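J.: Here it is, the structure in full.
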Amino acid sequence: MKKLFLIIGAPGSGKTTDASMIAANDDKFAHYSTGDLLRAEVASGSELGKLIDSFISKGNLVPLEVVVNTIISAIRSSDKNYILIDGYPRSEEQMRELDRVLASQSEVKLDGVIEVDVSEEVARNRVLGRARGADDNNEVFNNRMKVYLDPIKEIRAFYNDKKILHMINGERTIETIVADMKNLIENLIKG
């Protein structure tokens with residue numbers, strides 16, 4: 001059975017960097033972001049990829065069920081047994097659909113949800129300081145923060161009730177955060 005770990009956090013929390021560093025330094029882990037998975041499925045030319053492309057090419061959102069099926073498909077086809085996915089779920093609907101799909105199969109088990117916790121001020125400084133793209137301005141940051149914050153209480157409560165939510169302080173050095181997250185994941189794997 002494959003073990004899935006979801007890494008969540010505010011924009012600028014470092015969740016993508018943390019997860020990619022763990023996977024880069026330990027080859028038993030695979031790391032995916034939802035956007036990468038959708039693009040890879042399109043590139044594969046599969047039926048699912050063609051369906052995804054029919055939405056993306058028109059600038060439409062990919063339906064929830066398709067996104068979750070893409071995630072599960074990628075996990076199943078991965079040659080790794082430990083999967084890190086960052087930035088998912090972003091809504092209550094995404095969370096509930098993933099939970100529904102995971103409950104209906106026995107190949108993948110969600111072993112942990114790790115939230116990289118940073119203050120809004122730290123997140124803002126990181127995002128506006130890095131200025132990676134056109135979307136890294138104050139107005140867009142505020143919107144992204146709202147999108148993150150609106151469902152987070154429900155997401156935390158849901159995974160807390162399942163006893164799989166873990167918080168990591170994201171306001172330390174990257175080395176410390178990654179080491180902490182890796183230790184936490186290793187302990188969860190051991191059970």
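Here the Cβ of each residue, glycine as well, is placed from N, Cα and C on the backbone.
According to Swiss-Prot:
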BINDING   Gly12, Ser13, Gly14, Lys15, Thr16, Thr17, Arg130, Arg172  ATP binding site
REGION    33-62  region 'NMP'
BINDING   Thr34, Arg39, Asn60, Leu61, Val62, Gly87, Tyr88, Pro89, Arg90, Gln94, Arg132, Arg144  AMP binding site
REGION    129-135  region 'LID'
J.: Helix, strand or coil at Gly14 (ATP binding site), per DSSP?
T.: coil
J.: Cβ neighbours within 10 Å, counted over all protein chains: which one of the binding-site residues Lys15, Arg90, Arg172 has the most?
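T.: That would be Lys15, with the most Cβ atoms nearby.
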J.: Ser13, Thr17, Asn60: which of these binding-site residues has the highest Cβ count within 10 Å of its own Cβ?
T.: Ser13
J.: What's the CA to CA span in angstrom from Ser13 (ATP binding site) over to Thr34 (AMP binding site)?
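T.: Cα to Cα, Ser13 (ATP binding site) and Thr34 (AMP binding site) are separated by 17 Å.
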J.: Closest to Arg172 (ATP binding site): which of the binding-site residues Thr34, Asn60, Val62, Tyr88, going by Cα position?
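T.: For Arg172 (ATP binding site), the closest Cα among Thr34, Asn60, Val62, Tyr88 is found at Tyr88.
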J.: Please tell me which one of the binding-site residues listed here (Asn60, Val62, Tyr88, Arg90) sits closest to Thr16 (ATP binding site), measuring Cα to Cα?
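T.: Closest by Cα: Tyr88.
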J.: What mean pLDDT score does the region 'LID' (129-135) have in the model?
T.: 61
